[in-house]
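Structure record follows, encoded as structure tokens.
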Amino acid sequence: MAHTNESMVSEFVLLGLSNSWGLQLFFFAIFSIVYVTSVLGNVLIIVIISFDSHLNSPMYFLLSNLSFIDICQSNFATPKMLVDFFIERKTISFEGCMAQIFVLHSFVGSEMMLLVAMAYDRFIAICKPLHYSTIMNRRLCVIFVSISWAVGVLHSVSHLAFTVDLPFCGPNEVDSFFCDLPLVIELACMDTYEMEIMTLTNSGLISLSCFLALIISYTIILIGVRCRSSSGSSKALSTLTAHITVVILFFGPCIYFYIWPFSRLPVDKFLSVFYTVCTPLLNPIIYSLRNEDVKAAMWKLRNRHVNSWKN
């Protein structure tokens with residue numbers, strides 16, 4: 001390992017969500033359903049958008065990339081958590097812990113930026129509809145996605161750069177089901193005040209700036225929708241409602257953990273479940289239930305397969 005001689009810890013012990021065997025079985029059943037539904041739902045969205053020509057638009061291109069991020073985010077810690085429910089001593093190697101930190105912050109940072117890109121797409125579609133096809137071309141969408149991934153990776157690397165070489169000489173118990181960055185930093189055998197400030201500044205900057213950008217964007221869009229005729233605004237309002245719901249449910253716990261990362265309460269580990277396990281499920285549920293185009297494409301795909309089986 002590439003850390004100092006003081007760093008004697010080679011693995012971390014994850015305390016998980018509960019020591020009760022009954023609760024662990026209950027959590028296993030619930031989170032297994034959530035995990036499978038999340039992965040299959042997001043895969044279904046990608047498949048539908050890829051094969052339905054009516055969904056060949058910038059909004060759905062960005063949505064398919066959001067689904068891909070959610071699939072990746074579903075797999076960074078949830079499978080291990082499900083296995084750990086049946087293991088008495090839940091451990092993770094130092095390298096595995098650092099990998100979890102890197103993957104989580106990469107995907108979270110990327111998703112934040114992608115949500116901003118989707119808000120911009122809706123702004124152009126509703127407030128400047130005549131220029132939509134000119135502005136929101138394929139090249140710009142690829143640039144948006146590339147920037148989202150670049151920001152996510154840089155955000156994660158900036159965290160990992162000062163975490164990987166911290167001296168960990170014990171204790172090594174992380175009071176969560178995954179390696180949460182603030183909890184890991186607190187285990188370092190040194191004064192971590194400056195590290196905590198750096199984490200707060202880094203995470204707070206990206207989360208608050210993205211959230212404020214989204215709030216401003218959707219406020220302008222809602223004003224634009226209200227100024228339009230009622231007949232032309234219902235579909236736009238339905239799409240906006242789905243987007244705003246995703247933003248609120250995603251950024252709510254996200255800002256809580258990012259702005260107050262080192263002030264921990266017993267309920268925090270259960271909020272982290274929503275943040276890491278349930279958030280990837282929001283995309284397929286909200287977009288499939290509230291988006292008429294996606295629902296129509298789902299039924300079309302279903303009927304196509306049913307007819308092919310009959311023939």
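All positions are counted from 1 along the displayed chain.
A Cβ is built for glycine as well, from the same backbone N, Cα and C atoms used for every other residue.
The topological domain 'Extracellular' annotation in Swiss-Prot covers 1-25 (among others).
The N-linked glycosylation site annotation in Swiss-Prot covers N5, and the record cites sequence analysis as its basis.
Counting residues 6+ beyond its ends, the transmembrane segment (26-49) has Cβ neighbours under 8 Å at 17-18, 55, 60-61, 63-64, 67-68, 70-71, 74-75, 78-79, 81-82, 85-86, 273, 277-278, 280-281, 283-285, 287-288, 294, 297-298, 301 in the same chain. Residues or ranges marked as transmembrane segment in Swiss-Prot: 26-49 (among others).
The average pLDDT computed over the topological domain 'Cytoplasmic' (50-57) stands at 85. Residues annotated as topological domain 'Cytoplasmic' in Swiss-Prot: 50-57 (among others).
What Swiss-Prot records for 58-79 (among others) is transmembrane segment, and it gives sequence analysis as the kind of evidence.
Per Swiss-Prot, the feature topological domain 'Extracellular' maps to 80-100 (among others).
The Cβ of C189 (disulfide bond) has 15 neighbouring Cβ atoms from other residues within 10 Å, across all protein chains displayed. Summarising the annotation, Swiss-Prot assigns disulfide bond to C97-C189.
For 101-120 (among others), the entry in Swiss-Prot reads transmembrane segment.
For 121-139 (among others), the entry in Swiss-Prot reads topological domain 'Cytoplasmic', with the evidence type sequence analysis. According to DSSP, the topological domain 'Cytoplasmic' (121-139) comprises 16 helix, 0 strand, 3 coil.
Long-range contacts of the transmembrane segment (140-158) within the same chain: residues 58, 61-62, 65, 101-114, 117, 120, 202-203, 206, each at least 6 residues beyond the stretch ends and with a Cβ under 8 Å from a Cβ of the stretch. Per Swiss-Prot, the feature transmembrane segment maps to 140-158 (among others); the stated evidence is sequence analysis.
Taken from Swiss-Prot, the feature topological domain 'Extracellular' covers 159-195 (among others), and the record attributes it to sequence analysis.
Per Swiss-Prot, transmembrane segment is recorded for 196-219 (among others), and the stated evidence type is sequence analysis. For the transmembrane segment (196-219), same-chain residues at least 6 beyond its ends with a Cβ under 8 Å from one of its own Cβ atoms are 105, 109, 112-113, 115-116, 119-120, 122-123, 151, 155, 158-159, 162, 181-182, 185, 240, 243-244, 247, 251, 254-255, 258-259, 261-262.
The annotation topological domain 'Cytoplasmic' is assigned in Swiss-Prot to 220-235 (among others) on the grounds of sequence analysis.
Marked as transmembrane segment by Swiss-Prot on the basis of sequence analysis: 236-258 (among others).
The topological domain 'Extracellular' annotation in Swiss-Prot covers 259-269 (among others).
Marked as transmembrane segment by Swiss-Prot: 270-289 (among others).
Every protein chain considered, the tally of other Cβ atoms within 10 Å of the Cβ of C97 (disulfide bond) stands at 25.
Helix first, then strand, then coil: DSSP counts for the topological domain 'Extracellular' (80-100) stand at 12 helix, 3 strand, 6 coil.
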